[in-house]
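J.: Below, the features straight out of TrEMBL:
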- 28-193: domain 'FAD-binding PCMH-type' (DOMAIN)
- R173: active site (ACT_SITE)
- 214-225: compositional bias 'Polar residues' (COMPBIAS)
- S222: active site, proton donor (ACT_SITE)
- E292: active site (ACT_SITE)
Amino acid sequence: MAAASSILPPLGGTIAPGGSLADFIWFRTGGPAEWLVRPKDVEDLSRFLAALDASLPVLPVGVGSNLIVRDGGVPGVVVRLPKSFAKVTIEPGNRVRAGGAAMGITVASGARDAGIAGLEFLRGIPGTVGGAVRMNAGAYGREASDILVETTLVLRDGTVEVRPLEALGYTYRHSELPEGAIVVEALFEGVPGDPSEIGVEMDRIAAEREASQPLRSRTGGSTFKNPPGDKAWRLVDEAGCRGLQIGDAQVSEKHCNFLLNLGSASSAEIEELGEEVRRRVKAKSGITLEWEIQRIGVKA
Ligand SMILES: Cc1cc2nc3c(=O)[nH]c(=O)nc-3n(C[C@H](O)[C@H](O)[C@H](O)COP(=O)(O)OP(=O)(O)OC[C@H]3O[C@@H](n4cnc5c(N)ncnc54)[C@H](O)[C@@H]3O)c2cc1C
């Protein structure tokens, strides 16, 4: 691996060559980033990307609550936005402006305190605004595209651009953000609501999650997208995969669309388990499950 200073342009923030991703992503598995980059602010990120060799890949990550990082690590630049990108402010018209690194719960809480309803579902999604905008994250019949007005992106060439909802190509758990584009901010809009009623709904969501999902485990959230008219967990269960194990990777007993790292699983074992589930579901029901978890990096 070459020294960062000889290849990468200067940055006001930090550059960690071989920076660990397993330290913070939810599964706690996988190899390092070739360079883990944490910009100071939008201008810093924009200048860095504009000067970065165009042949180097750039991949943004949030908190890795929907990621399998392969064991060989991630070539190129991985961008993780620091706390300075996590501000949440309220604007007129029941709007909430949030930085790309703000957590869903922080956005939902800010909206509640300002009497803005409709963002409660973000309480249950343990990821960042950047991840939610990219993944069109959703729960309880709502998704990011239902509340998004516009998002500010830093494109791969360093250009800063505000894109309205209509330009983001949203479908179920999918957006058409340009390759390498980094969500640095999002503007959401809700409707007027009573803070105590919003709080009750958020508490209900939290309790329901606690009862139905392995929240305290090393996991990656929903593994497969729900196929049209069905639920991925039901198909996984029907195919007899609840509790299925490869090494220390296991299909959760509590919610069988979640995979778990029981302790010392490798990313290869987790991914292989997912593929085995897909094979068994296909054999049982004829349905090909599509991965929802993003798999990044190279195999060891
Ligand atoms: C216990 C649990 C429960 C979950 N429940 C739900 C649920 O109900 N509904 C749901 O939709 N998801 C759910 N998830 C999955 C996950 O929380 C969401 O997909 C979330 O939006 C991912 O956010 P993140 O910041 O962790 O993104 P990461 O997992 O780090 O990344 C996911 C994708 O987003 C991209 N990305 C991340 N940050 C940025 C950025 N700033 N700019 C551009 N792209 C970016 C990454 O490149 C990657 O492609 C759950 C996960 C867990 C662990």
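The backbone N, Cα and C atoms fix where each Cβ goes, glycine too.
Given the structure is predicted, the values throughout are model-derived calculations rather than measurements.
Map these features onto the structure and tell me what's around them.
T.: The average pLDDT for the domain 'FAD-binding PCMH-type' (28-193) in the predicted structure is 97.
Look at R173 (active site): DSSP puts it in coil. Contacts of R173 (active site) defined by a Cβ separation under 8 A and a same-chain sequence distance of 6+ are given as M135, N136, A137, G138, E143, K225, E292, in order along the sequence.
For the compositional bias 'Polar residues' (214-225), the list of distant contacts is 26-29, 64-68, 126-127, 172-173, 232, 236, 252, 254-255, 257-262, 270, 274, 277-278, 289-293: same-chain residues at least six beyond its ends, Cβ to Cβ under 8 Å.
If you draw a 10 Å sphere around the CB of S222 (active site, proton donor), it holds 21 other CB atoms from the protein chains shown. In the three-state DSSP scheme, S222 (active site, proton donor) falls into the strand class.
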J.: Please report the DSSP secondary structure of E292 (active site), reduced to three states.
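T.: Coil, per DSSP.
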